[in-house]
Amino acid sequence: MDTVRIAAVGAGVVGLSTAACISKLVPRCSVTVISDQFTPETTSDVAAGMLIPPVYADTPIHKQKQWFKETFDHLFAIANSAEAEDAGVLLVSGIPTEEVPFWADVVLGFRKMTEDELKKFPQHVFGQAFTTLKCEGPAYLPWLEKRLKGSGGLILTRRVEDLWELHPSFDIVVNCSGLGSRQLAGDPKIFPVRGQVLKVQAPWVKHFIRDGSGLTYIYPGISNVTLGGTRQKGDWNLSPDAEISKGILSRCCALEPSLHGACDIREKVGLRPTRPGVRLEKELLAQGSRRLPVVHHYGHGSGGIAMHWGTALEAARLVSECAQALRTPAPKSKL
């Protein structure tokens, strides 16, 4: 087999980054991204894009830390390059209030907050401050698409109802369909966690602020400030709720009173594809004599952007193993 034909299903940050890593790491292959939704219509476009990862209950901490560090290093290199603005990647400092997380030595300048900083949070007696990265989906996704096309990758707008539809046109399928995996992979473990945010104009806000649980947050970006948020498990509703928006603004103004002067308030809703741990594994589908190697790569929840490059590198390694197996002739039986 000369060229291995690979399809990546899903065009959010996970699907596009996986396709980019495959085209870079897997020799003699063609990569096609297939989805019925592209930027700006993906969950990744709504995400605040802060590199502050969640904890996955079913994944060893050392593995989560590896994924986060690889993602941080990748985006940090972009932030320090001429591509930073086009890619929507920037450094941002701020003051959350939480205990020391597993990723404290990956971000920059993680330290205890000073007494003056803590005065902003009278309900807390301690807290941490640090500098991390923000990766803005509406800029980063088109940037990834452009790079993918530049390396020979293809983009195909199409709804996939069954992974077998892609056989025999493709030799390997990478399932990055997020919540679509309930149907495409028959995975009952994946469910939506609804997130509603406000995108506002408040250019005087330069530092991020988040409460201890991370439910209320203020994340300044290149063109607007993201105010959040919600975590509504099992809620599939993509329509903004006016009462929730009022509550978000009220909570954020309590953390940063100057936000009373924010203008051009826009409501956004996204459904985080959540499961106990990211699914990152190979599966060989069989239907009679037909075989279809699949690499599953989905279920990042609120950590899609924070973990995407690290998990994409791992997915690309699994794809490489599948490609190698396809190129290795099966041993002939001796009679």
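Cβ coordinates are placed from backbone N, Cα and C, and glycine is handled just like the others.
From a predicted model like this one, the values you see are computed outputs, not experimental measurements.
Per TrEMBL, the features are as follows:
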DOMAIN    6-318  domain 'FAD dependent oxidoreductase'
BINDING   Thr43, Ser44, Val160  FAD binding site
BINDING   Tyr217, Arg272  D-dopa binding site
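Here the features listed in TrEMBL are placed on the structure.
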residue	record	CB count, 10 Å
Thr43	FAD binding site	23
Ser44	FAD binding site	29
Val160	FAD binding site	21
Tyr217	D-dopa binding site	24
Arg272	D-dopa binding site	24
Next item on the list: Just report the maximum Cα pair distance in Å for the recorded FAD binders Thr43, Ser44, Val160, no decimals.
Entry: 19
Checklist line | binding-site residues clustered about Arg272 (D-dopa binding site) [Cα within 10 Å; pool: Thr43, Ser44, Val160] | finding: Thr43, Ser44
Note to self: Please report the distance from the Cα of Val160 (FAD binding site) to the Cα of Tyr217 (D-dopa binding site), rounded to the nearest angstrom.
What the structure shows: 36
Note to self: On average, what pLDDT score does this prediction assign to the domain 'FAD dependent oxidoreductase' (6-318)?
What the structure shows: 95
